[in-house]
Amino acid sequence: MTDDRSGSSARHRPPRRQDRRPAAERPATESPRAQRTTDRSRPPQWRQAPLRIEQSECISCDACVEACPSQFGAVFNLGAGGMAILPELCSGCGKCLPPVCPVDCIYPDEDWQPAPEQWWQEPFGPQDPYVQDDGTRRPSGQPTRIRRW
Ligand code: SF4
Ligand code: SF4
């Protein structure tokens, strides 16, 4: 008796269609960032520690939100909740560091803890600054849709 799991049905499966659209044109919900948001996990190949914002020093200028590359999209302005870097989304690339941050209040967070539940409402939420109105990723260098409080 043959085992169909490894037999003809698998061999005749149609090849998976490759999505040839540039990454920037694909829906942001199909991006690695979306997967990280779903899994709430930080890739082990990211060797740099994530960064954290010292709220007592931060002036909420939003420059770090603008500077964070949209493929990471890790920084959010939570209004009264202050600024948040989701460690699971932060690669530690350092693009938000001075001179971007005018008061030098962003630090490596070697002992990072999982982002609190409330912070996970932001990525892919209605105010996600890294996703454009058409659902694609914000191109680098373009201003974010920063929430004004
Ligand atoms: S280190 Fe890079 S990924 Fe992390 S918050 Fe700053 S700009 Fe974004
Ligand atoms: S750039 Fe610095 S001061 Fe401005 S919001 Fe970000 S952490 Fe705060």
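Heads up, the Cβ atoms here are built off N, Cα and C, so glycines get one too.
Residues annotated as compositional bias 'Basic and acidic residues' in TrEMBL: 16-28.
Positions annotated as domain '4Fe-4S ferredoxin-type' by TrEMBL: 49-80 (among others). Counting same-chain residues at least six beyond the ends of the domain '4Fe-4S ferredoxin-type' (49-80), those with a Cβ under 8 angstroms from any Cβ of the stretch are 23, 31-33, 42, 86-97, 100-110, 112, 118-119, 122-123, 128-131, 137-140, 143-144, 146-147, 149.
Taking DSSP states H, G and I as helix and E and B as strand, the domain '4Fe-4S ferredoxin-type' (81-111) has 1 helix, 6 strand, 24 coil. Residues or ranges marked as domain '4Fe-4S ferredoxin-type' in TrEMBL: 81-111 (among others).
Under the heading region 'Disordered', TrEMBL lists 1-49 (among others).
Among the features that TrEMBL reports, region 'Disordered' is placed at 116-149 (among others).
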